[in-house]
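Annotated in TrEMBL:
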- B:5-184: domain 'Guanylate kinase-like' (DOMAIN)
- B:Gly12, B:Pro13, B:Ser14, B:Gly15, B:Val16, B:Gly17, B:Lys18, B:Gly19: ATP binding site (BINDING)
There are 2 protein chains.
Amino acid sequence: MSERGLLIVFSGPSGVGKGTVRSKIFEDKTNKFEYSVSMTTRKQRPGEVDGKDYYFRTREEFEEMIRQGQMLEYAEYVGNYYGTPLTYVNQTLDQGRDVFLEIEVQGALQVKEKVPDGVFVFLTPPDLVELRDRLVGRGTESVDVIDSRIAKAKEEIRLMSEYDYAVVNDEVALAAERVKRIIEAEHYRVDRVIGRYRHMID
Amino acid sequence: MSERGLLIVFSGPSGVGKGTVRSKIFEDKTNKFEYSVSMTTRKQRPGEVDGKDYYFRTREEFEEMIRQGQMLEYAEYVGNYYGTPLTYVNQTLDQGRDVFLEIEVQGALQVKEKVPDGVFVFLTPPDLVELRDRLVGRGTESVDVIDSRIAKAKEEIRLMSEYDYAVVNDEVALAAERVKRIIEAEHYRVDRVIGRYRHMID
């Protein structure tokens, strides 16, 4: 009997650096888990590749996916949909391979309802000062917008308790390494591996 | 507020190679966890150091410790007591340092009753043929004794489901590395670290 893969859900407040840490994790080509590409209705930017950065779909197509129950999770953000198509995730897990999702907190909680035995990893800033510095450093947003994002981040950090693990993003390489250790350790959890050893006790 | 250390309970069937894997783990001097020396009433062997290999005590002293509730776990084996004194474990955990116990399955289940939030790691042989080869290879026991140890090992392997993690002892260095990964990952569990981040949401 082949074991089902692990669903790894990597999330955290907006601005914490999820994408950067995820890129660092996937620099390691020996990883045994696969990245699930998100679907979005936002416009494709120059350089972005459909099916690699995102699946770019129209609003109508996305809403049809939702209606047919084909989204594992989705959320609307600044007028666009973002979400995870269910089929790829299920097929990969069924083949015994792990799937790595990098998604927003709102979506992660939806996944937790549907897949409670997933591994939920929360990326947290060391503190809010650091988060603010990061948002200011991007230089793309006004003070008002940054204030509202900090307020939203506080709400999201409150949801940390819904997760299995919390990893601090003090340094990208360290944070990436921690996430990889967590994924490895989760493969040794008794409830996941006990089937391998049943032949000794039956 | 300083966090309490982790109690790591490393166990598995007799003959699986717990001591060898534990020695390998402790070769790494960067480990942050401390080995809890067991107490026994068996005779000190040449080369063994009291307080390092074991605390060597008389039967009367050991039974007095039991009566006073000073043993975290204990068992009698071939006419001798073996067990873990409570004081060292508690003091070390209170200081925020992790404690590593290498104990028999019977003792591990006693610890689980008292310290359910410990990290319970089961070392398993790849299969019973391998376990038999290892016992035969030691060349110290008759076929009858080996048969009865295999039968006992089967009983112990049935208790794997009481543990959090199962690590296979296919190669000592690999098994040691897996245990270290598990210990590291456990430090990122949300319920252990959430206190560090409360300042952001209060």
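Residue numbering: from 1, along the chain as shown.
Cβ from N, Cα, C; glycine included.
Source: prediction; values computed, not measured.
Note: the ATP site is recorded as B:Gly12, B:Pro13, B:Ser14, B:Gly15, B:Val16, B:Gly17, B:Lys18, B:Gly19; in the same chain, B:Leu123, B:Pro125, B:Asn169 also have Cβ atoms within 8 Å of that site's Cβ centroid.
Within the set of binding-site residues (B:Pro13, B:Gly17), the lowest number of other Cβ atoms found within 10 Å of a Cβ is recorded at B:Gly17.
It is B:Gly12 that, of the binding-site residues B:Gly12, B:Gly15, B:Lys18, B:Gly19, has its Cβ surrounded by the most other Cβ atoms within 10 Å. For the binding-site residues B:Ser14, B:Val16, the largest tally of other C-beta atoms within 10 A is found at B:Val16.
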